[in-house]
Every structure is written in structure tokens, then in C-alpha cells.
Amino acid sequence: MSSRKASATNQGNGLSNGNRERGHLELAELGPLLEEKGDQGPSSSANADDPPCTVTQEEEEEEVRVLTLPLQAHHAMEKMEEFVYKVWEGRWRVIPYDVLPDWLKDNDYLLHGHRPPMPSFRACFKSIFRIHTETGNIWTHLLGFVLFLFLGILTMLRPNMYFMAPLQEKVVFGMFFLGAVLCLSFSWLFHTVYCHSEKVSRTFSKLDYSGIALLIMGSFVPWLYYSFYCSPQPRLIYLSIVCVLGISAIIVAQWDRFATPKHRQTRAGCLLRPNPEGCCLGVQHCGKRVFLGLGLSGVVPTMHFTIAEGFVKATTVGQMGWFFLMAVMYITGAGLYAARIPERFFPGKFDIWFQSHQIFHVLVVAAAFVHFYGVSNLQEFRYGLEGGCTDDSLL
Ligand SMILES: [Zn+2]
């Protein structure tokens with residue numbers, strides 16, 4: 001009898017080490033949620049991260065000793081069920097970075113205010129209206145999405161008399177708006193369901209990255225269309241290169257290792273600051289280069305245009321000032337995101353608002369808007385010329 005009990009204890013201990021650690025982690029994750037159940041006084045808030053206990057420590061230890069594996073599993077299932085039920089009800093609380101599971105750990109300078117893992121889409125979407133580390137990221141691109149959807153519809157509904165070649169020009173503008181709307185909606189969706197589960201997070205992360213490629217591709221189309229209006233051959237070549245690079249970037253974004261949130265720093269950071277610790281290795285190295293190549297593929301047509309038209313014409317009629325501003329905004333945003341500024345200097349102070357990723361999001365929307373403004377000016381210039389081409393101009 002006693003030997004049987006001893007073997008059960010051994011079994012219990014044997015299974016633990018790995019499993020128990022996971023069990024502790026789960027308890028730590030569930031703690032802030034389960035706490036609501038026990039009607040505890042304000043004194044409990046000092047220890048908000050500890051799992052609540054209705055039994056004493058000794059009793060619990062005694063219980064663990066006699067628990068067999070199936071019983072432990074049963075208890076874990078019950079806890080999970082309770083947790084899922086509370087999440088479904090929207091009764092969850094933000095948790096600190098330390099207790100996040102690995103797949104949700106992304107930026108260790110954001111110390112508190114994280115959503116717990118919530119395997120329910122309903123709960124994720126309801127969390128849009130709660131305050132946590134992703135609230136700013138969701139809303140910056142949700143509002144950006146509404147803005148570009150509205151601008152896109154306005155442009156499409158504009159009377160044809162304002163265009164030289166209405167159908168063609170609307171298709172060209174449509175590509176830009178499609179890229180922007182898809183990019184921004186993939187982004188806010190990703191940030192919304194990021195905490196659902198590892199699999200969902202990874203899937204939407206791939207969409208998020210594909211969206212960036214779509215925005216870059218879509219932005220090139222109207223710019224190349226109007227800037228090289230009178231030289232169709234280079235226009236076709238540049239457009240083809242952008243399409244090949246854009247599609248390559250989308251393919252690269254589907255690779256698991258590239259789109260894993262864990263590698264946040266390597267994703268954007270590698271572009272600017274290659275580091276020797278495996279940052280620029282294998283898939284990510286290759287993937288980064290494809291995205292970098294896509295972004296930089298604007299340099300050649302820009303130089304071509306500026307040399308052919310002259311600096312003055314390029315910056316006035318050619319709107320190069322606006323496109324330069326746009327590039328500076330994208331690069332600044334990516335740089336802040338990669339370096340995790342400002343939260344790096346004040347850990348825990350930008351958990352909810354003004355963290356690097358939010359600034360990056362705002363700069364993306366602003367840059368896309370500046371691009372739209374520049375392209376609209378090019379369109380107006382073309383309309384003012386009544387479609388005619390002169391021999392000595394690309395524009
Ligand atoms: Zn984002």
C-alpha cells in the first residue's frame with residue numbers, strides 16, 4: 001500500500017519537472033483572471049500576479065502529492081474551461097510581460113498591460129475597446145484603414161471629366177488604394193487577434209507582412225504611371241521589377257521563420273543594423289533582403305527621373321519633395337520600431353501609449369497619405385497638360 005503510494009508520488013514528481021513548470025506558467029497566466037472569482041479585498045491587489053488560493057499552501061502540497069496524472073490533467077482541464085468561459089464573457093485582466101507565454105513575448109520594454117492568451121475571436125475583437133499594449137496599434141491602423149477606404153471611394157466616384165483617361169487612371173489609383181486598404185486592414189486584424197493562439201498569430205503575421213509588400217507595390221503604380229507617362233518603355237520595365245520583387249516579398253512572408261513574432265527585432269532591425277547573433281542568417285537574411293530590395297527599387301527610377309528632368313523640375317512638377325518626405329517617414333518609422341525607441345530608454349513608461357510600434361503605425365499612415373497627395377498633384381499636372389507629351393520629357 002505504502003509502496004504504491006510512494007510510486008504514485010514518484011510518478012507525480014517524475015512527470016512534473018517539465019510539466020509542472022508549464023503548470024506554474026499556466027497558473028500565472030490564469031491568475032489575474034481567476035482572481036476575480038474569489039471576492040478578495042484590496043489587500044490582494046498587492047499580489048495581483050499570484051494565483052489565488054482557497055486552500056493553504058500545505059494543504060495544496062499534500063494534495064499534489066497524492067494526485068495522479070489523470071487527476072492533474074483533469075484539474076488543468078477544469079481550470080482551462082473556467083478560463084475560456086471567463087474570456088468568452090470578456091472578464092479578463094491585463095497581465096505583466098513576465099508571465100506571457102513565449103509566443104506572445106515580443107517587446108520586453110513593455111512591462112505591463114498585456115492581454116493574456118485568449119483563444120476566442122469574439123474576446124479578441126471585444127478587446128479592441130479595452131486598454132492594453134495593443135490598443136494603440138489596433139486603432140492607429142483601424143482609423144487609417146477607414147481614412148483610405150473613404151479616400152479611395154471618393155477618388156473612384158470622382159467625375160470622369162477630371163481625368164484624361166478615366167478608366168486607366170482609376171485602375172492605377174485603385175491599385176494604390178487596394179494596397180493601402182489591404183495593408184492597413186491586415187495590420188489591425190493582426191494586432192487584434194495576435195493574442196488568440198500561436199497558430200492564429202503566425203497566420204495573421206504573414207498577412208501583415210504581405211500587406212506591407214502590397215502597399216509598396218500599390219504605391220509604385222500611380223507614381224510610375226504619371227512620372228513616366230511619356231516614356232512607356234522604362235515605365236513597363238520598372239513596373240515589372242516592382243511586381244516581381246513584391247510577389248517575391250509576399251512569398252517570403254509566408255515562410256514560417258520569417259513571420260514569427262519572436263523575431264520582431266530581426267524583421268525590421270536587420271535592414272538597418274545587421275548583428276552577428278544570427279540576425280542575418282538563412283531565411284530571415286534572405287527575406288529581409290527581398291523586402292529591402294522592394295523598398296529600394298524606387299531609387300533607380302527616382303534617379304532616372306531626376307537626371308532626365310533636372311533637379312528643379314523633379315522637385316517642383318515631379319513632386320520629389322513629397323516623395324522624399326514619404327521615404328523619410330517610412331525609414332524613421334522602421335528605425336524606431338527596430339531600435340524600440342522610446343520604450344528602450346524608459347521601460348514600462350510607454351506600455352500603453354507612444355510605444356515605438358504605434359509611432360511606426362502612425363508614420364506609415366502619414367507616409368501613405370503624403371504619397372497620395374504627391375500622386376494627386378502629378379495627376380492634376382497631367383490633366384492640366386491635357387494629356388499631351390513633349391519630346392524632351394518623361395513626365
Ligand atoms: Zn503593426
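Just so you know, glycine gets a Cβ as well, placed from its N, Cα and C.
Where the annotation comes from TrEMBL, it is an automatic prediction and has not been curated.
Of the residues His191, His196, His304, His371, TrEMBL puts just one in the Zn(2+) site with His357, His361: His191.
Distant neighbours of the transmembrane segment (359-376): 136-137, 140-141, 143-144, 147-148, 151, 173, 176, 180, 183-184, 187, 215, 219, 222-223, 226, 319, 322-323, 325-327, 329-330, 332-334, 336-337; these residues of the same chain sit at least 6 beyond its ends, with a Cβ under 8 Å from one of its Cβ atoms. When Cβ distances are compared across the two stretches, the transmembrane segment (207-225) makes contact with the transmembrane segment (237-255), since 3 or more pairs at least 6 residues apart fall below 8 angstroms.
Counting every protein chain shown, the number of other Cβ atoms lying within 10 Å of the Cβ of His361 (Zn(2+) binding site) is 25.
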